[in-house]
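For reference, TrEMBL has these:
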| type | residues | note |
| --- | --- | --- |
| TRANSMEM | 28-53 | transmembrane segment |
| TRANSMEM | 65-84 | transmembrane segment |
| TRANSMEM | 91-110 | transmembrane segment |
| TRANSMEM | 130-150 | transmembrane segment |
| TRANSMEM | 170-192 | transmembrane segment |
| TRANSMEM | 198-218 | transmembrane segment |
| TRANSMEM | 312-333 | transmembrane segment |
| TRANSMEM | 353-372 | transmembrane segment |
| TRANSMEM | 393-412 | transmembrane segment |
| TRANSMEM | 432-454 | transmembrane segment |
| TRANSMEM | 466-487 | transmembrane segment |
| TRANSMEM | 514-535 | transmembrane segment |
Amino acid sequence: MEEGTKLEYNSVRNCKMKGKGGFRASSFIYGFVGLDNIGFVANMVSMVLYLSFKMHFDLSGSANTVTNLLGSTYLLSIIGGFISDTYLNRFNTIIIFGTAEILAWALMTIQARYSFLQPKANSLEGGIAVLFYVSVCLLALGTGGVRGALPALGADQFDENNSKGAVGKYFNWLLLSSVSGSAIGVTIIVWISTNKGWWMGFLISFATTFLGFIIFIFGKPFYQLQLPAQTPPLTRILQVIVAAIRNRKLQLPDNPEQLYEKDSDSSDPKIAHTNQFRCLDKAAVVPKSVEITEWRVCTVSKVEEVKIVTRMLPIIGSTIIMNTCLAQLQTFSVQQGYRMNRHFGSFEVPAPSVPVIPLLFMCILIPIYDLLFVPFARKITNHPSGITQLQRVGVGLVLSIISMGIAALVEIKRKNQSLKNPLQPIHVFWLSFQYAIFGIADMFTLVGMLEFFYKEAPIGMRSLSTSFTWISLSFGYFLSSAFVDIINSVTKRVSSSKKGWLDGQDLDQNNLQLFYWFLAILSCLNFINYIYWACWYKYKSDDHQTSANDIVLPKSASVSRVPFLKVDHENDVTLQGLEDHKN
């Protein structure tokens, strides 16, 4: 092949391969996500009771342990995202971390099955403590790593340039798969755990997760698998920062076109220059009489990648408080339900099954949103997803404020009735209001964030970027634990009873409603902060980045002279004989 027509292998690694990708490939991912969430979500909502009754944690201790576990799970997603962007492809990353998740369920099943592996009273120590913490750490690492790579793998199956809105539709149906599996888990598995034995619930979780991975592996022949970036994402970011510091005394040119950029036939996608964070532009200024190296001069596109990530940071920070509110629905609200009338006729609903209410709402609303609202809104806004991703997140933040206000009012009613007549508590259905509204909020916010971080991210950082969604969840759970400890400590000092708002195991003697009001007020302030950053954010234009699918040939070249490319009548570029070329 002549040098002028030779294309780098990495230039075409994102090309749509014939017979691969699309909704057929993503269907295997939907099946895996549904089966995986059957066990994970079910045990996360009931874990607070397992820790209280089997591991003998107190009220705040069990709540903080669950939020810390969830926080660690989502924080560790960044490891999965980083590895899949840097060293392994997304498929192999998921297999490795999935193995750790399956092993964790096996260890938890063994400990819950045998009483001699459980603590006596408040004495979680020795080998029992080691087994417990090893299993939960493996669960956090495995589940987090899978979530760091999985959303981006599914989105890779679609070419957004040729099918507008396909990525948004994928994330909507990914969430539907997740909540459908979760709804099954918080009803069937939770009932089995609380009535037949916790070990049986963990065993079923092990089985469903294992089956999910088998289905996921069967889909490999249909997946479009991208190669990791040649330069690790964090290295690219550091190169820009180091180059900007080294060139800090240089003057920026009046015309941004004078900044350094490689030729158009480079394998790296091009991103147009923006005027935000001009200090970083100095990384693209070429000093006189200096050899151009990656740590001394960076391309405009590489600088813009760092700008994109920097612009994302305030958005991440503005969604943390909402996820702190979410943590309460998985801890304190479950404990509320345990002290309420849970009978529907002769059937008693397990307290941890109460979250099925928002899940059922979401199962109904997600198809309505995707099939009816998005096409209708698209005609008005001309946006492929109906509304922008940040508008969708904003709607979720408003609904989360309303949910926390309702949660406080319901707790006041529950507490007053319980103190008045403990034998006739209010019905658990009262919790459905806060759960339902927050479920709708989660539908807007979670998908909006996943789509936002995937679409806005540079191509080589998409797994790492989508893991920012889980980082926001992580910080929200950690902040919940911090709020519980801080508020307990402060209120213990100022109250006449010398007792904190959330001390002990008796909700009737606590002030959980005040904690809910505190979160509602804090969420209002956070929403104002979010509005500022959402208006400030500059979206990456659709034509700012040259897609990896858009391969530019020199004028002297022709497609017929490039044997590993074939163009069909739809103008889709597919790979043919790629392995021969690579070899």
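Here the Cβ of each residue, glycine as well, is placed from N, Cα and C on the backbone.
TrEMBL does not curate its annotations; it predicts them automatically.
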Ask   = When you check the transmembrane segment (312-333) against the transmembrane segment (393-412), do you get at least 3 Cβ pairs under 8 Å, counting only pairs 6 or more apart in sequence?
value = yes
Counting only residues at least 6 beyond its ends, the same-chain positions whose CB falls under 8 A of a CB in the transmembrane segment (91-110) are 36, 39, 80, 83-84, 117, 131, 134-136, 138-139, 141-146, 148-150, 153, 199, 202-203, 205-206, 209-210, 213, 216-217, 220, 223, 225, 463
**Asked** Under 8 Å, at least 3 Cβ pairs, sequence separation 6 or more: does that hold for the transmembrane segment (353-372) versus the transmembrane segment (65-84)?
**Response** no
If contact means at least 3 Cβ pairs within less than 8 Å, sequence distance 6 or more, would you call the transmembrane segment (432-454) and the transmembrane segment (170-192) in contact?
yes
For the transmembrane segment (198-218), the distant same-chain contacts (Cβ-Cβ under 8 Å, at least six residues beyond its ends) come to 28-29, 31-36, 38-40, 42-43, 46, 50, 54, 94-95, 98, 101-102, 105-106, 108-110, 112-113, 185, 189-190, 192
Of the listed stretches 65-84, 130-150, 170-192, the one with the highest count of C-beta pairs below 8 angstroms to the transmembrane segment (28-53) is 170-192
